[in-house]
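> Following this message is one structure expressed as structure tokens.
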Ligand SMILES: *Cc1c(COP(=O)(O)O)cnc(C)c1O
């Protein structure tokens, strides 16, 4: 599309946007009495208007039924998560039996490594992207140590080439092949939180499988952001959080994917709990864990219904969007529009004040742009904040901005570009 740097153009795109009604499903934070420009959905998605009522309904269930709420009424808690799986499966490209909703993300990463990282003396290494989210790094280090290995030896991190910011798929595949005989697991983000790079998940999975290794993904920044096909890509396992692009509330509930082909695999260890037991016999309280078939067999603890109620409301908004593919179409205009405006500032100023390190190809990114400010980065960021743009700042010099198709407008993006342009005039 031929973008234009005018408010009329942005307004026209908003008028033509067939998803524009979805913004009204969210509560927009306020800045000096007006809607803030919220570009931080990569960190915490906005609150759906329906969330409070959804939680209140379960509070009411609890009030009126007490313990009977587990079994009783239109929404028995025992089966509560089952009603969320259809929409979630659509976002992830997963069958309902392949997903289960539970715990928090890092906890789930640990539980999945218990199953899928079973090193021996020959094959014990984990391959991951360098600069992964710290929680993932800590989880992986501690898993490696738990098995008696040293992180420096057992973790292979892939770095970008000299002078580059993101990884080339060919380099990832080569590293997998070069380390084939020692690898036990390939564990990547779907989208790296810092650079916004969307990795070629099918290619990574295929390369891992070609050397006989499982491939797993942390989809914290991918779920609800880009269309995924976990089942068809033959991904072994994945986990995500629901509070970023899935708008399910601070510390909201996480979930896991386990590919159907592993359902009968009893070589996979697991740390079990009663909630993962065969539903038919769970309340017999008998000795001997008998897992529920499917991903639900990885459940550990009693379902946190209030968190799931927020998740249900948030997924309901996705249900109204006619699907992730339609959202992605809008995203593929919103994010390039921001990129166009930023590049325009560089051109106007005759130098690269801003370097966008997120890949330019649509297939290699989602909503987010990560922007290195060559000078005065913090002051730039503060200028945005003072003028009502909520983005996020990463030391030493990166601003991350994520226009989200569910609730951001082209006018949000236009205004952000204008503010960045003003800041550039003041600070350079
Ligand atoms: C946001 C994020 C986390 C956070 O994990 P929690 O357990 O929910 O605190 C972990 N990993 C990645 C890649 C993330 O983006």
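Residue 1 is the first one shown; counting continues down the chain.
Cβ coordinates are placed from backbone N, Cα and C, and glycine is handled just like the others.
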> What does TrEMBL list, out of 117, 124, 243, as binding the same pyridoxal 5'-phosphate as 105, 106, 133, 134, 135, 136, 218, 221, 274, 302?
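It is 243, as the record lists it for that site.
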> Between the binding-site residues 105, 133, 135, 302, which lies closest to residue 244 (N6-(pyridoxal phosphate)lysine), Cα to Cα?
105
> Can you list which of these binding-site residues (133, 218, 243) have a Cβ closer than 6 Å to ligand 1?
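Only 133, 218 qualify.
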> Would you mind ranking the binding-site residues 135, 302 by how many other Cβ atoms sit within 10 Å of each Cβ and giving me the lowest?
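Each of the binding-site residues 135, 302 was scored by Cβ atoms within 10 Å; lowest is 302.
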> Name, in the order they occur in the sequence, the residues of the same chain whose CB lies under 8 A from the CB of residue 243 (pyridoxal 5'-phosphate binding site) and which sit 6 or more residues away.
44, 45, 249, 250, 251, 252
> Work through the recorded positions one by one (105, 133, 218, 244) and point out the residue whose CB has the fewest other CB atoms within 10 angstroms.
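Counting other Cβ atoms within 10 Å of each of the recorded positions 105, 133, 218, 244 gives the minimum at 133.
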> When you look at 105, 106, 133, 134, 135, 136, 218, 221, 243, 274, 302, which the record names as binding pyridoxal 5'-phosphate, what is the longest CA to CA distance in angstrom?
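Roughly 31 Å, rounded to the nearest whole number.
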